[in-house]
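Some notes on the structure that comes next.
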Amino acid sequence: MSFLTNFLLGLGLSMDAFAVSMSSSTTIRPFHQKDALKLAVFFGGFQAFMPVLGWLGGSAVSGFVSNYASWIAFGLLTFIGGKMIYEALYGDPDGKINSLNYSVLLMLAIATSIDALAVGISFAFLNTPILEPVIIIGCVTFVMSFCGAVLGHRIGHFFEHEVEIIGGLILIGIGGKILAEHLLWI
């Protein structure tokens, strides 16, 4: 595959991570560059790791991916989005919410990288070398997630709790999109 093809693949796979980074960063106060870096490392790392996992597993995990992964992603994103909405409505009135603990980051990273797992499986079926696409996918996702986190914080700073609610709705919407795509392909 060409560099351009791998870059466009990375860009497509990074869109969910970009949106989730943007949504997540609206709730972090005080926000520091290390928070954006933490999001970028988790999302970029998982987007790079999951195709390798899919490539190594090949057809052994294809049944699981096609049958359950979309439901898992939907459940995780809906849970986290609902939690964000709840915290925006009933949380700390000072707005000091830190949802960047490692368990939440892990759930978000897994939920947004399930498509990358499926890409890795398709690479195995097509006998495609994995190293170059994985590096490009991980780097593109890292940059997109970092930019999404910084942008989300700047928007969130102006709109406070309304953006937290919108961010939660975006996460639920992404989960719904993943599930709808799965159900339409059955």
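Keep in mind that glycine also has a Cβ here, set from the backbone N, Cα and C atoms.
Quantities reported herein were computed from a predicted structural model and do not represent experimental measurements.
Listed features, source Swiss-Prot:
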- 1-21: transmembrane segment (TRANSMEM)
- 41-61: transmembrane segment (TRANSMEM)
- 71-91: transmembrane segment (TRANSMEM)
- 105-125: transmembrane segment (TRANSMEM)
- 130-150: transmembrane segment (TRANSMEM)
- 165-185: transmembrane segment (TRANSMEM)
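By the Cβ criterion (under 8 Å, sequence separation of 6 or more), the transmembrane segment (41-61) is in contact with the transmembrane segment (130-150), since 3+ such pairs are found. 165-185 is the stretch from 1-21, 105-125, 130-150, 165-185 with the greatest number of Cβ pairs below 8 Å to the transmembrane segment (71-91).
Counting Cβ pairs under 8 Å that are 6 or more residues apart, the transmembrane segment (130-150) and the transmembrane segment (165-185) reach fewer than 3 and are not in contact. When Cβ-Cβ distances below 8 Å are used as the criterion, the transmembrane segment (105-125) is approached by residues 9, 13, 16-17, 20, 24, 38-39, 42-43, 45-59, 61-62, 65-66, 69-70, 72-73, 76-77, 79-80, 133, 137, 174-175, 178 of the same chain, each at least six residues removed from its ends.
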